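What follows is a set of notes on a single structure, which appears directly below.
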């Protein structure tokens, strides 16, 4: 990015229905800039009650099993639930780069037409690719109709974490990028990425409710951000 503004803090929530997500958000919503609702965790994916309850923008994600999520149904159904979430009030939606291209591109076009912010995501739960591969992934994202990108890898060492953070040099106001790593060596990237041009940082309601490996609790991440900003 072109300046040192902190990225957005996103409270990532999973649960069986909107009522459960509302209960988990009540005490934390004021700490978040954005709230991710994991539709793939919901038995009843109707998010209208949540969107009516809070003014904080909602990001709808329906992560398939082939990208580390819980949704195991047909792709048409998965994308239909995301489309319903937009109609229900979600301002942001996440679609995986690995989604079949014609479906992905049609969904992104529909999201733009509806005035929604669609981000395209890519996850690696085993490793961190080399710089050339990461750059190619970003270029593929940039070539879509998405408004921003998200690349998450697994860091086995400090070099992996540093290599992924280097990708944030490509982040810009025209196409913001979120890039951080899972795994113990990648933990620091969940904080540092927010001050190195990263668009969004994801955090859990508490450790037991994390939606991804290594995800910090929102209060802790917010406290660290406030401390860092106070000393800047």
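Think of each number as a place in line: the chain as shown, counted from 1.
Placed from the backbone N, Cα and C atoms, the Cβ positions cover glycine too.
The 3-dehydroquinate binding site feature in TrEMBL is assigned to 12, 36, 37, 38, 63, 190, 211, 215. Following the DSSP three-state reduction, the secondary structure of residue 215 (3-dehydroquinate binding site) is coil. Cβ-based neighbour count (10 Å, all protein chains) for residue 215 (3-dehydroquinate binding site) stands at 20.
Here TrEMBL flags 123 as active site, proton donor/acceptor. Annotation for residue 123 (active site, proton donor/acceptor): same-chain Cβ neighbours under 8 Å, separated by at least 6 residues, are 67, 68, 96, 151, 152, 153.
Per TrEMBL, the feature active site, schiff-base intermediate with substrate maps to 150. Residue 150 (active site, schiff-base intermediate with substrate) is surrounded by 24 other CB atoms, counting those within 10 A of its CB over all protein chains shown.
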Around the Cβ of residue 12 (3-dehydroquinate binding site), the count of other Cβ atoms that are within 10 Å: 24
Reduced DSSP assignment, residue 190 (3-dehydroquinate binding site): helix
Pairwise Cα distance for residue 37 (3-dehydroquinate binding site)/residue 150 (active site, schiff-base intermediate with substrate) [Å, integer]: 16
